Amino acid sequence: MKQVFRTINQVGGLWLLLGLTAVLILPWYKVAPPELVSGGALSDAALFQALAGRAWLWPPVLGILALAGLRVARGERWQADDLVLPIAGTSFLFFLFQAFAIGLRGPAIPALGEAFPAAMLGQTGLGWGGFALGAALVGIIADSLAARGFCRGERFGANAVIFVVALLLLFVFFPIIRLASAALFTPEGVFQPGVFIERALAPDLWNIDCLTGGSRCGVVINTLILGITSATLSTALGLALALLVARTGFRFKGALRAISILPIITPPFVVGVAIIVLFGRTGVVTGWLDMLFGIPPTRWIYGLPGIVLAQVLAFAPITFLVLLGTVEAINPTLEEASKTLGAKPFATFRTITWPLLRPGLAAAFLLAFIESLADFGNPIVLGGGYDVLSIRIFFAVVGARYDLGNAAVLSIILLTMTLGAFWLQTQWLGRKSYVTVTGKSDAGLAAQLPTPLKRTAYMVVIPWVLFTLGVYLIVMVGGFVNDIGRWDLTPTFRHLNTAFSFEIGERGLQLFGSAWNSLQTTLLVSAIAAPLTTAIGILTAYLISRQSFVGKQAFEFGTMLSFAIPGTVVGVSYVAAFNIPPVDITGTMAILVICFMFRNMPVGMRAGIAALSQIDKSMEEASQTLGANGFTTLRTIVLPLIRPAVFTSMVYAFVTAMTAVSAVIFLVSARHNMATAYIMGRVENGEFALAIAYSAVLMVIMIISIVLIQFLVGKRQLGRRAELQSVTAPTAAE
Amino acid sequence: MSETAIEFTDVEKRYGDVRAVDAISFSIRKGELVTFLGPSGCGKTTSLRLIAGLELPTAGTVRIAGENVSTRAASERNVGMVFQSYALFPHMNVIDNVAYGPTIRGGAKKAAIERGREILTLLGLDGLEKRLPSELSGGQQQRVAVARAIVQQPDVLLFDEPLSNVDAKLRRRVREEIRDLQRRFNLTAVYVTHDQEEALAVSDRIVVMSQGKIAQIGTPQELYDRPSSRFVADFIGDANLIEGAVSQNAFTVEGLSLPLPQPAPDGPATISVRPERIALEKGDGVSKIRTATYLGSRYEYIVDTPFGTVLVSAPISLAPLDRGDTVKLGIAPGGFTVVEHA
Ligand SMILES: Nc1ncnc2c1ncn2[C@@H]1O[C@H](COP(=O)(O)OP(=O)(O)OP(=O)(O)O)[C@@H](O)[C@H]1O
Ligand SMILES: [Mg+2]
């Protein structure tokens, strides 16, 4: 293995070889383009396509050949040659330019058509050759920058920085740009700000009738009302939980923490379905209420109340964790001081505790608000006639009237709202410092909650606990009884059978169930996405905490931003960007994996940054002075020491890939369907039991996988570090 | 015969506006132990890291063994470094730590382990192969760090304040060990410290740095006896700085006239005189003992003179001086240097 790498390096490096393969062997286009010469070009590779008349391919082809020439002329350290950077740079620019300027239906600029008549035929999206050449040129640029001292001359570091930036640009920023241009331009490329403004100001977006007694509000107002209601209730519930746990003799702390993990591994829709089963017109609870109190069944659950109920169930654990941190960080001596000054418990709470809680409350509120805006699963199941932005966007793309322009405008409005909240949140978090300034180390007993508040907290929390139990009971049972909707509780495997029947006969294992296809895709995509997401997340963490390069802050902010973009917006932006050449990858499995990678990387990144900050940098430097390059150092020194972060990232990436819906719903195809999309189809058809059964299966798979990942990543060899640090900690010189 | 191991030519390292290292040039011969000495923040660590390749210069060239390595990464140079925190890999045992370099450089694992064992034996660490770093004493950890750094026979061995984690009492012993090792293996070594006594004790030559620049390079004796500037005189050992003037090839100040070893033009000047180069003679001089301190091995006097107070260190004699005694000062020719001359 090592030998192979060494040989490759001697030949001129991976990137040069890849580049040559790209232009000489691999098919340049995704779909072979129309033939220009009789008999066709010799092959689909770029060199032959250029020879056959696609002359605009010459610059990248010649660029790579020139670089190969340089390698021959200059020897092994050819990357340091002054010509490498200009050649690779210009080739790359020409490569990008031709890819974007000549589309499926011909050149975007008329002059190009005159210069290259063949361009009038257009070109399809890039294929293996095109992508490989792009990667090769980027890699050569990184290598040559490293040879000039970029990233302390570390080739791996330089490549990592440049590639991560390039990938972020391609898969986070480029789609957003395309989205914006879809909103501002007609499909023919005509600038039309008028249409944008008209669409953005349409009355069915901003109508506020419902506030003034009318029947319906605009969709933006609906979204805001939902977000504010949901965030307020979630924050209140989270606060009640946090106060109970931290400020009373509450004994089920562990159980609460366990419950708070549930929403993360709960597939979408299933909570909505359970709520319908409980409170729908024919629901169980509705039936009881009718029987016991004569309250007539209604459809009240469909619409705002149902969505809010489902969202609060999902978000309360998040706000709880945020607020628990805040409550625990409050220095008890402040409260004690207040008491010794004669304040009654309630006055102390009002004048001391509450003000200190406010920043945490704001953070929790904004977090829940952002989540609510981005939520897609609950509104689509429980929405009834209550329209919110994410749903409207979905139907603008997937519905009968495909209107990408309108979807783009709505997405921009949604994005503006989330980014606004995100910005506010960073502002708040930036100022929260006075809460934690003295830390928890101070002695002193936290003040107990005043009795009236305690009662209120219990009154809020107990219904929530019952409700949660009810919902998850339905989820556990619903798939395995005859008809949960009608409360027919005869045990049966028929739903499971519909989804996952199989036979082991003479022709081996045969899968008949209707869900196998989506389950396989989901598992495969998640299994591919989890390590890749972790890789890019941890790599980014490594770059941020260990490399210094220009624009690092912008880089860091950009990665966090990708987290704040609602899934629906990501989905639409991917449709806008990757449905057409040059990067035409919709309908592939790759686009699903890529979408997960860039949506979920910030978690691994944050875990990685936290873990790396605990590790003495000089260990990596020692490894480098001993001759290990950046990659070997990362593999042999850094990764073993940050295993917990790797674990966190893997689990998160895997689980979210299995349960995500808002972005992938736009990206699935008949060939590559995902479990969540399949479940959504069942819910739309009213096949609740099947949906629940499938969800239960997914949850079991996730729990097993988490255990498995833990086993694979391992926790061996940890814990020694703490000891070592106590030994080598500078024993205060002098 | 003295081949050059390391050569800096106008090397500069900037961080934004800060010039951590400002156009320095020097060269280090093979087999030499050179110390970078200077106050905190003067750029010692940065210079060391420039040799290692952990930083690359923003201008100038760095040569190791004759080769220009200015843009070459640490992993592509052949240097060994002993870090202040030792930086042993906590998840590997001692032998794996020591064999790490040879292994990842592509050698056979077995040969690497064998080589590691040899070095461990040479450093008196047999029997500790299977221990984790966390199971070693501080001193043992340091020796393992040294073993790991020299196992690949580096072109140069770098130490960044190797004694700062060592108990004050052990420092003298450990620094002797390092010096001994360096001589035994005929290593080229660069050693960073801010402790002048340590520097004087271990170095073949010392590079005194100040604010990113080199103040003076020389053997310990040269630096001590002939500091070229006020800064060096003051930083190394104790120095009496006396301001006066040069006239007719002699340094004169009220009550004192010292012939210069080399002729120099007239004008105001400052000289530096080491405390033990001043002789005191009891008698009717113009100077007066202000304090007399008995230090066991010698006396230290603070003397009021017409040109200010001076510190004098005198051997134990049978007739020590007392507070209030009037004395005459004598400075031998060559017992002083001109450090500033306008
Ligand atoms: N990564 C960096 N970014 C910005 N400035 C730096 C960096 N590293 C060092 N400096 C600055 O460069 C100057 C020299 O630093 P250096 O670490 O070389 O000092 P030093 O002589 O080793 O000091 P000490 O004796 O305190 O270790 C200092 O002013 C320091 O603040
Ligand atoms: Mg230092």
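Sequential numbering from 1, following the chain as shown.
Using N, Cα and C of the backbone, Cβ positions are placed for all residues, glycine too.
Lifted from TrEMBL, the feature list:
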{"type": "TRANSMEM", "residues": "A:55-73", "note": "transmembrane segment"}
{"type": "TRANSMEM", "residues": "A:85-106", "note": "transmembrane segment"}
{"type": "TRANSMEM", "residues": "A:158-177", "note": "transmembrane segment"}
{"type": "DOMAIN", "residues": "A:220-425", "note": "domain 'ABC transmembrane type-1'"}
{"type": "TRANSMEM", "residues": "A:224-246", "note": "transmembrane segment"}
{"type": "TRANSMEM", "residues": "A:258-280", "note": "transmembrane segment"}
{"type": "TRANSMEM", "residues": "A:300-330", "note": "transmembrane segment"}
{"type": "TRANSMEM", "residues": "A:457-481", "note": "transmembrane segment"}
{"type": "DOMAIN", "residues": "A:519-709", "note": "domain 'ABC transmembrane type-1'"}
{"type": "TRANSMEM", "residues": "A:523-545", "note": "transmembrane segment"}
{"type": "TRANSMEM", "residues": "A:557-577", "note": "transmembrane segment"}
{"type": "TRANSMEM", "residues": "A:583-599", "note": "transmembrane segment"}
{"type": "TRANSMEM", "residues": "A:645-668", "note": "transmembrane segment"}
{"type": "TRANSMEM", "residues": "A:688-713", "note": "transmembrane segment"}
Would the transmembrane segment (A:457-481) count as touching the transmembrane segment (A:55-73), if touching means at least three Cβ pairs under 8 Å and pairs must be 6 or more apart in sequence?
no
Maximum Cβ pairs under 8 Å to the transmembrane segment (A:557-577) among A:55-73, A:158-177, A:258-280, A:523-545 is reached by A:158-177
Examine the transmembrane segment (A:523-545) against the transmembrane segment (A:224-246) and state whether at least 3 Cβ pairs sit under 8 A, considering only residue pairs 6 or more apart.
no
Are there residues at least six beyond either end of the transmembrane segment (A:583-599) with Cβ under 8 Å to its Cβ atoms? List them, or say none.
30, 124-126, 167-168, 170-172, 521, 524-526, 528-529, 532-533, 536, 562-563, 567, 570-571, 574-575, 577, 653, 656-657, 660, 663-664, 667-669, 671-672, 674
For the transmembrane segment (A:645-668), which stretch among A:55-73, A:85-106, A:688-713 has the most Cβ pairs under 8 A?
A:688-713
Between the transmembrane segment (A:224-246) and the transmembrane segment (A:85-106), are there at least three Cβ pairs closer than 8 Å, leaving out pairs fewer than 6 positions apart?
no
If one takes Cβ-Cβ under 8 Å and requires six or more residues beyond its ends, the residues near the transmembrane segment (A:55-73) are 11-12, 16, 19-20, 22-23, 28, 46-47, 49, 81, 83-84, 87-88, 90-92, 94-95, 98, 102, 112, 116, 118-119, 133, 136-137, 140
